[in-house]
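So the structure is just underneath, and the comments pick up after that.
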Amino acid sequence: MGISSSGSALGAAIHPIMLNKLFHGRVGFRNGVRASAGLNLGLLAIALLLMRPRLPPSPRKQGSLSQNFKTFFREPAYVSTIAGLFLLLTGLYFPIFFIQLEAIKNGLSPDFAFYTLVILNGVNTIGRVLPTILVRRFGVFNLMIFSMLVLGTLIFCVLAVKDVPGTVVFTILYGFFSGSYAGLLGPMLASLAKKDSEIGARVGLCFTFTGMGGLIGTPIAGALLTTSFIWWRPIVFSGLCLFCGAAFISFSRHVVSKTKGTGWV
């Protein structure tokens, strides 16, 4: 999961550079967008041609959406996990969307501030792979909780970042730990499934609700920031979202650990 999800982070590091060069060069905006679409189409076509299902389709009739909904949402661990991930996504994207503005405020030139997002996404690639290697040793819930607590702490540390070195260090650390979410999400939801055939439905239902957090979080943070750039408001909002989300995931971990009889979950 970590390796497969790392591609989007790598693309997020390369794509802004490519588009920036195309838009401000001889190619222009219109042809630059076409070039981007062509690149994505080509890469996705290759991926689709290479992918093969690991297991054959199940001959048994699967439960309907309403049946899955009723079954999954009777489980406290699953509901608490969705609540935690919703809060995680609500607070996660504020630094990612506003890191360039923060960098300029702290003295970086606009040209270099552009590359803070590239650095963040580049390190994010490593963050998506490395934590998944440690899952068997430390447990997926333990790693997710740790990452969320670190992310919340880093967001509050933005209040103390006033110079270029601090901005660069924050960008690297936040890029790494924000990447762990994408790598750990799949294994965490899969660990809640009672059988393999449930995994797809559980992941899909989870994304249906948690995606709303990613949708509303950044606009709320932007509204709190205002045109006067009152930074502490969105920082407190986003940081608290991460900490509260970690509390919900901790409850899920407690339920799962009691069921499995081990704390390394």
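Glycine too: its Cβ is placed from the backbone N, Cα and C atoms.
Features of the protein shown, as given by TrEMBL:
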TRANSMEM  32-51  transmembrane segment
TRANSMEM  77-100  transmembrane segment
TRANSMEM  112-131  transmembrane segment
TRANSMEM  138-161  transmembrane segment
TRANSMEM  167-193  transmembrane segment
TRANSMEM  205-225  transmembrane segment
TRANSMEM  231-251  transmembrane segment
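Count of Cβ pairs under 8 Å against the transmembrane segment (138-161): among 77-100, 112-131, 167-193, 205-225, the largest is for 167-193. Tallying C-beta pairs under 8 angstroms between the transmembrane segment (167-193) and each of 77-100, 205-225, 231-251 places 77-100 first.
With a cut-off of 8 Å between Cβ atoms, the residues of this chain six or more beyond the transmembrane segment (205-225) that come close are 68-69, 72, 81-82, 85-94, 97-98, 189, 231, 233-234, 237-238, 241.
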